[in-house]
Amino acid sequence: MTKDEQIKNDIVDQLEAAGLSKTADINIDVANGAVTLYGMVDVLAEKWMAGELARQVSGVTGVDNSLTVAMDRPVTDAQIYAAVEERFRRHPLLDLHDIEIGVHDGVVYLEGNVASLAQANTALESAAKVYGVKNVVNHLKIGAPDLVRDEATLVNNIETALAHNTVVNPGTIRVETENNKVRLSGYVKNPGQAEVVERIVSQVPGVGEIENNLTCDEIQ
């Protein structure tokens, strides 16, 4: 088996584990580690998930995500707007008073201010799950317009949030900030812990971007 064939098989395994092989028609080409995905998916969120899963496979040098969102039945911008609004209304992390929704030709536009990166990501992912959405343009800003936070306070709030978790050892993690961008470095035991750390940090008010440079060390 060639390296490219192994990469393709690993991607197929990832898609099957995520349940995408049952709901989507995804084809995979691999050439020297460069992956091309093409075919049909039901919603935009599935396209994004497939691309992210492919990027996580060892040996992948790049992903051309050419998957198309299927449109088996016509859907209007008004219907998309109503569906996105309903998803936001029902989600405990989101407040419709903070987010303005716009839809044009199947593309959803999000404007406004949210408290954390986690809320912005939740809004993006929720909109992408609506049938008929072709793309989501996220113009959400992190933090209230009048929010002023110095670097030391933001670092302290992040370290406090990490200290309250029971999954990872915060003593092995270094936190640096520049404006609202957070850089994480240090060690965790596995990729799952790295994801937990990023999720915790994304929920801290004022964090607008995360650069996750954590290294996995199984022998900690």
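All residue numbers here begin at 1 and follow the chain in the order shown.
Positions of Cβ are set from backbone N, Cα and C atoms, glycine also.
As annotated by TrEMBL, domain 'BON' applies to 3-71 (among others). Confidence for the domain 'BON' (3-71), expressed as mean pLDDT, is 89.
What TrEMBL records for 76-144 (among others) is domain 'BON'.
Secondary structure by DSSP for the domain 'BON' (150-218): 28 helix, 20 strand, 21 coil. Look at TrEMBL and you will find 150-218 (among others) tagged as domain 'BON'.
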